[in-house]
Amino acid sequence: MGNRVTRDDFEWVYTEQPHTQRRKEILAKYPEIKALMGPDPHLKWIVSGMVFTQLLACYLVKDLSWKWIFFWAYAFGGCINHSLTLAIHDISHNVAFGNKQAKWNRWFAIFANLPIGIPYSASFKKYHIDHHRYLGGDSLDVDIPTDFEGWFFCTPLRKLLWLFLQPLFYSLRPLYVNPKAITRMEILNALVQFSIDLIIYYLWGLKPVIYLIAGTILCLGFHPISGHFIAEHYMFLKGYETYSYYGPLNWLTFNVGYHMEHHDFPSIPGCRLPMVKKIAAEYYDNLPHHQSWIRVLWDFVFDDTLGPYSRVKRLCKLAKES
């Protein structure tokens with residue numbers, strides 16, 4: 001099972017997150033970046049095409065054997081579903097219809113959620129705001145693993161298991177770390193989602209429903225695309241808490257790999273983040289970044305200095321007041 005990783009706690013820092021100051025500096029030097037903010041007019045059509053592709057797939061897989069259900073769930077449907085979770089990530093920043101149409105964005109996120117099989121979009125929106133506002137914030141940023149995760153998943157085999165179980169931890173961690181009241185939008189999200197699941201089951205049976213849900217669970221777990229979960233904020237180099245990835249999988253993930261740029265400018269849609277890097281090149285070209293999400297997963301599992309503890313944590317004012 002390998003040796004225990006040398007890290008036995010998070011990397012505690014007592015400074016503000018770096019993105020706020022860099023955003024100010026970049027906007028002062030390149031005010032034209034403000035023109036990149038605003039909705040992406042193509043996002044709603046791309047997402048709609050992905051949703052209807054998955055509904056067609058539900059019809060096509062209804063008579064397949066179970067082994068092929070799980071194969072196509074992992075190799076095809078799950079890739080679309082993972083991509084849709086990242087579309088929902090973009091939509092949570094109101095880039096589908098703009099800030100003035102916030103409710104349209106919330107409802108469109110519920111629509112994008114349909115092939116995922118499990119209600120997700122409304123809860124994600126509720127917590128993702130804190131991830132940006134209080135990056136690494138103790139008891140606020142639920143993207144940070146718990147102490148148990150850091151302590152237990154500390155060998156290659158256990159870290160591999162942790163990667164498989166990521167969907168479970170991402171779902172349950174908020175309830176333990178920073179529980180919040182259930183919102184009306186979350187209830188509507190669940191009602192719409194389970195209604196569609198039941199309709200699919202009524203029309204085509206159980207296999208299409210399993211195809212959707214299994215694809216989501218498998219591709220949010222141990223899968224090349226899931227490398228972004230580790231690549232974004234795990235501290236591969238001391239002193240750096242956010243990393244970008246500039247490889248080809250950005251084409252499937254709404255440029256979520258441009259993560260340094262995204263945290264600097266969360267209101268800029270993913271399709272325009274490469275332009276941020278091009279305009280303000282001197283702010284990004286010399287920062288450490290990843291070239292392969294598969295390599296990220298490999299290093300995370302087999303490098304003894306990496307593990308769930310490899311995250312920057314900080315105390316935020318709200319955490320002190322609560």
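Glycine too: its Cβ is placed from the backbone N, Cα and C atoms.
If you check TrEMBL, you get these features:
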type     : residues : note
DOMAIN   : 5-43     : domain 'Sphingolipid delta4-desaturase N-terminal'
TRANSMEM : 68-87    : transmembrane segment
TRANSMEM : 107-124  : transmembrane segment
TRANSMEM : 187-204  : transmembrane segment
TRANSMEM : 210-231  : transmembrane segment
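Within the chain, the transmembrane segment (68-87) has long-range Cβ neighbours (under 8 A, six or more residues past its boundaries) at 43, 46-47, 50-51, 53-54, 57, 61, 112-113, 115-117, 120, 124, 207, 210-212, 214-216, 218-220, 223, 225-226, 252-254, 256, 270.
Under DSSP, residues within the domain 'Sphingolipid delta4-desaturase N-terminal' (5-43) fall into helix, strand and coil as 19 helix, 2 strand, 18 coil. Nonlocal intrachain contacts for the transmembrane segment (210-231), taken as residues 6+ away from its ends with a CB within less than 8 angstroms of a stretch CB, comprise 54, 57-58, 61, 69-70, 72-74, 76-83, 85, 115-118, 160, 163-167, 170, 197, 200, 243, 245, 249, 252-253, 256-257, 259, 290, 292-294, 296-297, 300. Same-chain residues lying 6+ beyond the ends of the domain 'Sphingolipid delta4-desaturase N-terminal' (5-43) with a Cβ under 8 Å from its Cβ atoms: 87, 90-91, 94-98, 135-136, 144, 150-151, 154-155, 235, 238, 241-242, 254, 263-265, 267-272, 275-276, 279-280, 283, 304-307, 309-315.
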